[in-house]
Amino acid sequence: MVYAHNLGFPRIGIKREMKKTVEAYWRGEISQQQLQQQAIELQLTNWKIQAEAGVDLIPVGDFSWYDHVLDMAVRVGAIPSRFKALNSNITDTMFCMARGQAPNGIETSACEMTKWFDTNYHYIVPEFTTNQSFELHHDDLFKSTKLALENNYRAKPVILGPLSFLWLGKCKGESFNKLLLLEKLLPVYAEIFEQLSSLGVEWVQVDEPILVLDLPPEWQQAFLTTYQQLNFFNLKCLLATYFGSLDDNLSLTCQLPVDGLHIDYCRAPDQLDSVLSQLPAEKILSVGIIDGRNIWCNDLNRSLTLLENIQSSLGDRLWVAPSCSLLHVPIDLDQENKLDVELKSWFAFAKQKVAEAAFLTRGLREGRESIGAELKKNEEVIISRKTSKRIHNPNVEKKAASVTERLMRRQHEHSIRKNKQTAQLNLPLFPTTTIGSFPQTSQIRCLRRDYKQGKIDDALYEEKIRQEIAEVIGIQVKLGLDVLVHGEPERNDMVEYFGELLDGIAITSNGWVQSYGSRCVKPPIIFGDVSRERPMTLRWIEYAQSLTTKSVKGMLTGPVTILAWSFVRDDQPRSQTAKQIALALRDEVQDLERSGVRVIQIDEPAFRECLPLRKAAWQDYLEWAVKCFRLASCGVKDETQIHTHMCYSEFNDIIEAIAALDADVITIESSRSEMEILKSFEKFAYPNDIGPGIYDIHSPRIPRVAEIEELAVRALQYIPIERLWINPDCGLKTRNWEETKEALSRMVDAAKHLRKAFSSEKTPTIDLELQPAST
């Protein structure tokens with residue numbers, strides 16, 4: 001029989017119960033028993049939603065209090081020694097690995113965090129050593145599976161496959177071949193399968209997303225040997241791939257001794273014919289035809305026609321599913337009561353997407369007429385979106401068509417600009433700054449909420465925001481920071497804020513998705529041509545600058561990041577949408593400069609995450625991404641200093657594109673990786689200024705002054721003294737004021753020590769084992 005199934009469901013809860021519960025636990029307000037009870041309730045709710053929609057096989061093990069990769073590391077005992085020594089409680093150990101701090105007060109340096117493939121979800125990076133051991137360590141998966149079975153759900157446990165798990169981890173200490181760990185790891189996977197089999201499970205979903213990447217030959221070979229060795233203990237294995245095409249990994253994937261294969265049709269429709277021709281006759285094919293990463297309604301008529309053609313070849317060996325886990329979309333469109341009715345009809349969130357998969361499955365089982373009403377209603381929605389006048393703006397399209405190369409060049413090269421900027425800004429050696437946001441207290445969040453709900457008027461809102469800006473400026477001046485920010489109290493999110501002010505973009509009320517841990521974001525929906533009617537940030541920056549003689553940065557989110565962290569229209573190339581956003585930002589940048597703002601930051605933390613997963617497609621993306629940044633930033637005078645910020649980036653393979661952005665200063669996340677990221681600059685002489693993140697803002701742990709100095713000295717191996725900035729890793733929005741003030745105070749003290757040590761009149765007065773880079 002054709003089955004409808006799902007690869008994973010959002011964890012956060014319809015009302016973000018996960019976030020509220022886990023943060024209450026971190027604060028010591030609830031017990032671990034209460035935490036686990038909430039996990040049970042959230043999972044039962046998720047399973048019920050899917051079962052009622054018509055999903056046949058329900059994913060189990062997709063829930064996590066922080067991250068599924070972290071869960072897998074803990075499950076197989078890949079717990080770094082620094083955590084084992086501090087904590088015997090497995091739940092607190094997990095939180096300590098993620099945050100550097102556990103609810104019981106234990107602190108140490110957190111594990112590294114990075115982006116999950118090309119999504120905006122973050123995972124905790126497993127750490128492996130040459131003497132790494134593994135053992136079955138956590139029974140959460142078995143408890144969840146048993147719970148699902150006891151509640152009469154047909155459970156399909158989901159785990160990250162052994163090769164993807166190793167690939168996504170990093171070697172700690174000396175480098176070595178991670179494949180050597182398979183011999184110790186596979187017996188633990190076998191234990192997992194044995195226990196699942198003993199519970200009476202029929203199918204297990206093993207995720208191996210790295211099969212859509214460019215894999216070295218030894219990793220390709222490792223797939224064959226690994227899956228030949230794995231003992232599934234009579235479980236049927238569905239091997240799940242997603243986010244791209246199998247391409248050169250297709251042949252080996254079809255050879256693996258598994259019972260079924262899931263492919264991402266939405267991201268890689270061209271692979272379907274090759275898959276059908278190579279799939280062994282006995283294997284199931286799960287077609288991910290519902291987009292798990294975007295919010296547009298599926299064209300059910302078109303999808304059903306495609307699936308009917310596949311069914312004619314495969315018969316009952318066809319399964320229907322979303323393209324990937326629905327972790328990346330909001331939970332329920334029914335919770336949106338303020339969206340425009342026509343716009344809302346074009347969308348589908350997780351609850352609606354599993355229903356779409358079930359509709360299509362019923363159509364395959366029982367014939368088109370069985371879902372005739374759904375098909376007719378869906379067809380009307382598809383036509384509505386295609387013909388709506390709100391999609392296209394002739395003025396925007398005309399402006400985009402008139403863009404020339406000249407608009408994407410600064411007046412002079414950076415060396416000339418730097419001299420002018422140095423004269424104007426009068427900055428010291430090792431200038432200090434922050435990335436943008438400052439702590440957002442409950443009072444600020446309530447203020448914005450009351451304003452949106454009409455409970456307070458414009459005048460009171462303006463007064464309160466100005467008070468907050470004045471306080472933030474005063475704190476920075478007192479701390480001794482060199483280039484200031486206004487703190488962004490008016491912004492709930494760095495992308496959503498601009499989404500609210502740009503035409504062609506819709507904002508939801510409850511469209512939350514998980515970014516990392518308990519942090520959730522509400523991505524805007526880009527449904528049409530994007531334009532700016534009026535200045536978006538000008539009044540707040542002008543006010544902030546009026547309070548101090550020090551430079552205050554104008555703060556904008558870049559075109560690629562707005563694109564990456566939004567749900568984007570799928571009826572035109574993403575590059576075209578990015579160009580429209582860049583033009584809107586260019587107008588804002590020029591307005592800021594005209595008002596006297598001397599430093600403007602255009603954040604692009606998503607620049608690298610948007611890279612296609614296959615290198616063959618990189619060049620095209622990098623060309624339009626660089627052009628869009630330059631289009632947004634190059635309309636200013638030499639004296640205006642352009643900053644950009646990037647997170648979680650490995651620069652080695654795109655360093656030339658980073659340089660091509662031609663930002664005067666780039667700040668980057670680097671503290672969790674202990675400045676390893678700066679190795680990118682060993683062979684490439686990056687010409688502009690750099691501010692490597694000098695402490696980790698994602699952890700509540702406050703670094704010592706000596707730690708900050710040590711990281712700065714490491715950075716000087718790669719960055720000339722006169723080009724090094726001192727700053728945190730990222731914005732400070734998620735931290736509290738006590739942590740923030742103390743951490744920034746220590747950062748400023750470290751910068752002062754460095755200036756004294758490296759002043760031209762004196763020999764360095766701190767013990768430096770590392771030699772600074774030359775100019």
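First residue shown is number 1, and so on along the chain.
In case you wondered, yes, glycine gets a Cβ from its N, Cα and C as well.
DSSP assigns His698 (active site, proton donor) to coil, not to a helix or a strand. Neighbour count (other Cβ atoms within 10 Å of the Cβ, all protein chains): 22 for His698 (active site, proton donor). According to Swiss-Prot, the feature active site, proton donor maps to His698, an assignment based on sequence analysis.
Taking a C-beta cut-off of under 8 angstroms and a sequence separation of 6 or more, Cys520 (5-methyltetrahydropteroyltri-L-glutamate binding site) has the following same-chain neighbours: Ile12, Arg16, Lys19, Trp512, Val513, Gln514. Annotation comment: Swiss-Prot describes Arg16, Glu17, Met18, Lys19, Lys115, Arg519, Cys520, Trp565, Glu609 as 5-methyltetrahydropteroyltri-L-glutamate binding site, evidence class sequence analysis.
Around the Cβ of Ile435 (L-methionine binding site), a 10 Å sphere holds 25 further Cβ atoms from the protein chains shown. Marked as L-methionine binding site by Swiss-Prot on the basis of sequence analysis: Ile435, Gly436, Ser437, Glu488, Asp603.
For the recorded site, Asp603 (L-methionine binding site), the DSSP three-state label reads strand. Swiss-Prot lists Ile435, Gly436, Ser437, Glu488, Asp603 with the feature L-homocysteine binding site.
When secondary structure is read from DSSP and collapsed to three states, Glu669 (Zn(2+) binding site) falls in the coil class. A simple way to gauge crowding: the CB of Glu669 (Zn(2+) binding site) has 25 other CB atoms within 10 angstroms, across all the protein chains here. Sequence annotations record features per position, and here Swiss-Prot assigns Zn(2+) binding site to His645, Cys647, Glu669, Cys730 based on sequence analysis.
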Its Cβ having more other Cβ atoms within 10 Å than any other among the binding-site residues Arg16, Lys115, the winner is Lys115
CA-CA, which of the binding-site residues Ser437, Asp603, His645, Cys647 lies nearest Lys115 (5-methyltetrahydropteroyltri-L-glutamate binding site)? Cys647
Excluding near sequence neighbours, so keeping only residues 6 or more apart in the same chain, what lies with its CB under 8 A of Ser437 (L-methionine binding site)? Val485, Gly487, Glu488, Arg491, Met494, Gly731, Leu732, Lys733
Rounded to a whole number of Å, the separation of the Cα atoms of Ile435 (L-methionine binding site) and Cys730 (Zn(2+) binding site) comes to 6
What DSSP gives for Met18 (5-methyltetrahydropteroyltri-L-glutamate binding site), in three states, is helix
Whole-number Å only: compute the distance from the Cα of Cys730 (Zn(2+) binding site) to the Cα of Gly436 (L-methionine binding site). 8
May I ask which of the recorded positions Gly436, Cys647, Glu669, His698 is closest to Met18 (5-methyltetrahydropteroyltri-L-glutamate binding site) if we compare their C-alpha atoms? His698
Measuring Cα to Cα, how many Å separate Gly436 (L-methionine binding site) from His645 (Zn(2+) binding site)? 10
Round to the nearest Å and give the CA-to-CA distance linking Asp603 (L-methionine binding site) with Glu669 (Zn(2+) binding site). 12
Nearest of the binding-site residues (His645, Cys647, Glu669) to Glu609 (5-methyltetrahydropteroyltri-L-glutamate binding site), judged by Cα-Cα distance: Cys647
